[in-house]
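This report concerns only the one structure given below.
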Amino acid sequence: MKIKALIVDDEPHAIEVIEKYIQNFSEIELVAKCNNAIQAFQILQQGKIDLMFLDVKMPGLMGTELVRSLKNPPKTIFTTAYQDYALEGFDLNAVDYLLKPIPFDRFLKAIDKVFELYKVANNSIGISQQPVVQKSDVFLYLRVERKMVKVNVADIYWVESLKDYIKVVLKDKVLISKQKISLLEELLPEDKFIRIHRSFIVALNKIESYHSYSIDVLGKELPIGRNYKAECQKRLRIT
């Protein structure tokens with residue numbers, strides 16, 4: 001199942017950025033792009049659009065006005081340089097609200113919300129099509145050198161902070177990515193991972209053994225930080 005997407009923005013560069021980001025996701029198919037809300041309205045009448053990246057402030061008809069005019073608007077991610085419209089955007093049940101310039105990590109969080117919505121809808125309604133993101137196959141993208149690398153969350157053993165970089169340890173390889181560990185912590189599912197130290201995040205189902213002061217994963221002993229000890233004791237029931 002492909003998510004059919006539409007980009008609506010009066011800035012050519014903004015369209016280029018979003019189009020480039022979309023290329024990282026095989027689940028999303030960009031079927032149309034335009035530079036004003038009137039054209040977008042016509043495109044929406046012609047065929048099925050599942051996801052719309054919509055600029056708020058455009059000449060003629062505002063993006064928010066376009067959504068209000070639609071009886072059944074597609075899932076919408078608002079994109080704008082103006083934070084003042086955020087509240088109105090969420091009042092319209094927007095999936096997310098992205099401020100320009102849009103960094104890829106923030107775009108990724110918005111896409112993850114879209115995938116979650118599809119997963120919940122398909123599971124609850126009983127649609128015969130498979131969800132875009134399988135529960136056992138949740139993934140994220142890491143920038144490794146000059147490319148985006150797809151990583152299955154289920155394959156991650158632990159994440160280690162290396163100042164401005166992170167080391168993501170899989171069973172058979174290690175990935176180094178330039179980003180903060182706190183950012184990756186937000187992307188990882190809370191019920192499957194635990195922060196045990198300012199420098200370490202561990203997959204709960206990969207823990208081989210633990211003590212009051214350390215956790216063993218893949219044959220390596222990882223320290224439990226003083227500030228994280230109480231949470232570790234609670235979740236791992238360490239006595």
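Just so it is clear, glycine is given a Cβ too, placed from its N, Cα and C backbone atoms.
Positions annotated as domain 'Response regulatory' by TrEMBL: 4-115. Under DSSP, residues within the domain 'Response regulatory' (4-115) fall into helix, strand and coil as 49 helix, 27 strand, 36 coil.
Around ASP55 (4-aspartylphosphate), the C-beta neighbours below 8 angstroms that are at least 6 residues distant in the chain are VAL8, ASP9, ASP10, GLU11, ALA14, GLY63, PHE78, THR79, THR80. As annotated by TrEMBL, 4-aspartylphosphate applies to ASP55.
Residues or ranges marked as domain 'HTH LytTR-type' by TrEMBL: 140-238.
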DSSP-assigned states of the domain 'HTH LytTR-type' (140-238) in counts, ordered helix, strand, coil: 24 helix, 49 strand, 26 coil
